[in-house]
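Enquirer: Here you go, one structure.
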Amino acid sequence: MAFRIASSPFTHNQQRTQRIMLLVILACLPGMLAQVYFFGYGNLIQVGLASATALIAEGVTLSLRKFAVRTTLADNSALLTAVLLGISLPPLAPWWMVVMATVFAIIIAKQLYGGLGQNPFNPAMIGYVVLLISFPVQMTSWLPPVPLQTIPVGFHDALVIIFTGHTPDGYTMQQLMHNVDGISQATPLDTFKTSLRSGQTPQSILQQPMFAQSLSGIGWQWVNIGFLIGGLFLLMRGTIRWHIPVSFLLSLMFCASLSWVIAPEKFAPPMLHLLSGATMLGAFFIATDPVTASTTNRGRLIFGALIGLLVWLIRTYGGYPDGVAFAVLLANITVPLIDYYTKPRAYGHRR
């Protein structure tokens, strides 16, 4: 009888990179379906466009670097970056913005640092921030949720306006953004901040049609609940750990609740922070990126809490309506320092 001699390790682990990436993409589906239901097919088209661009950009870059293209693309990391980017962008953002952000995320933020596992910053958020700084008007132009739309936008309408700038009937993005009251639509966070700075009270702001069914804005609470469900799925599968999402959400809720209790006439209610914008997407899918996040348990708690604090500060005092992307990138800068001071004590050594 012949015996096969194999070298260690002899343990088996199903958590391969390819499988992890696919699980994260699968976990995004509940939030994506909520986006489609309340805001139309735009984000679905953006995800498809970003995915095609990401695979082409990664393939070309790998070929230039003399890497095995097919093997490397099979890890699905480029696909996940594209999905997260497509989810984050406004549904009807022009096609060239999607391509530009994806190329920047894959080539500049990932491959120029050495590829998967070498990048210090989250590639999807780098691409998003490049667009937000360069094209702030387009990046804050969101469709009203379906119940408030005066001009219904179907799949064909969304596809045409993304590539041409207007629907087949000749409607522009600015016309589509007006809700049933004739008011130009923005995200709930943007609307609340702008209205508050114009002198309105929180009570009067929350009487607007956007907030009629929920403090977090029509549709937005279900989008966030969808990503929460996906995040819990990842936790149960052991794909991510609880430290970053929990500390992120607790830190954000603590800051929002404390400020709201002290001065409710000046600050947004906690539920608006919790279930609006990219809160759950950021907590479970973006901040938990194992490459750019802290690697120790104590470090993860600090990292998540720092992001929650930064999100609240940017949303409250910053010039942009949602601060998740900036908060994650700023926290990425601190990861080496956090890991240095939270590294566990080696056995047999005092420190």
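Note that Cβ sites are derived from N, Cα and C of the backbone, with glycine treated the same way.
Found this in Swiss-Prot, in case it helps:
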TRANSMEM  20-40  transmembrane segment
TRANSMEM  44-64  transmembrane segment
TRANSMEM  89-109  transmembrane segment
TRANSMEM  123-143  transmembrane segment
MOD_RES   Thr187  FMN phosphoryl threonine
TRANSMEM  215-235  transmembrane segment
TRANSMEM  244-264  transmembrane segment
TRANSMEM  267-287  transmembrane segment
TRANSMEM  301-321  transmembrane segment
TRANSMEM  322-342  transmembrane segment
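Quick one: where do these features end up spatially?
Expert: For Thr187 (FMN phosphoryl threonine), the count of additional Cβ atoms within 10 Å of its Cβ stands at 20 [all protein chains shown]. Thr187 (FMN phosphoryl threonine) falls within neither a helix nor a strand when secondary structure is assigned with DSSP, and so counts as coil.
Sequence-distant contacts of the transmembrane segment (215-235) (same chain, at least 6 residues past either end, Cβ-Cβ under 8 Å): 23-24, 26-35, 37-39, 145-148, 187-188, 191, 206, 209, 241-242, 245, 269, 271-272, 274-277, 279-281, 283-285, 288.
Residues 202, 231, 235, 270, 272-274, 279, 282-284, 287-288, 293-294, 300-309, 311-313, 316 of the same chain lie 6+ residues outside the transmembrane segment (244-264) yet bring a C-beta within less than 8 angstroms of a C-beta in it.
When Cβ-Cβ distances below 8 Å are used as the criterion, the transmembrane segment (267-287) is approached by residues 24, 27-28, 31, 84, 87-88, 122, 124-125, 187-189, 192-193, 196, 202, 206, 214-217, 220-221, 224-228, 230-231, 234-235, 240, 244-245, 248-249, 252-253, 256-257, 259-260, 293, 303-304, 307, 311-312, 315-316, 321-322, 324-325, 327-328, 331 of the same chain, each at least six residues removed from its ends.
Away from its own ends, the transmembrane segment (301-321) comes close to residues 132, 136, 140, 186-187, 189-190, 193, 243-256, 259, 267-268, 273, 277, 279, 282-283, 287, 293-294, 327-328, 330-331, 334-335, 338, 342 of its chain (Cβ-Cβ under 8 Å, at least six residues beyond either end).
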Enquirer: Using a Cβ-Cβ cut-off of under 8 Å, list the residues of the same chain that are 6+ residues beyond the ends of the transmembrane segment (89-109) and lie near it.
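Expert: Distal contacts: 35, 39-43, 46, 49-50, 53-54, 57-58, 61, 78, 81-82, 119, 121-124, 126-128, 130-131, 135, 138-143, 153, 158, 161-163, 165, 173, 176.
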Enquirer: Give residue numbers and ranges for long-range contacts of the transmembrane segment (20-40): same chain, 6 or more residues beyond its ends, CB-CB under 8 A.
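Expert: Hits for the transmembrane segment (20-40): 47, 75-77, 79-80, 83-84, 87, 91, 142-143, 145-146, 153-155, 158, 218-220, 222-227, 229-231, 233-234, 237, 239, 280-281, 284-285.
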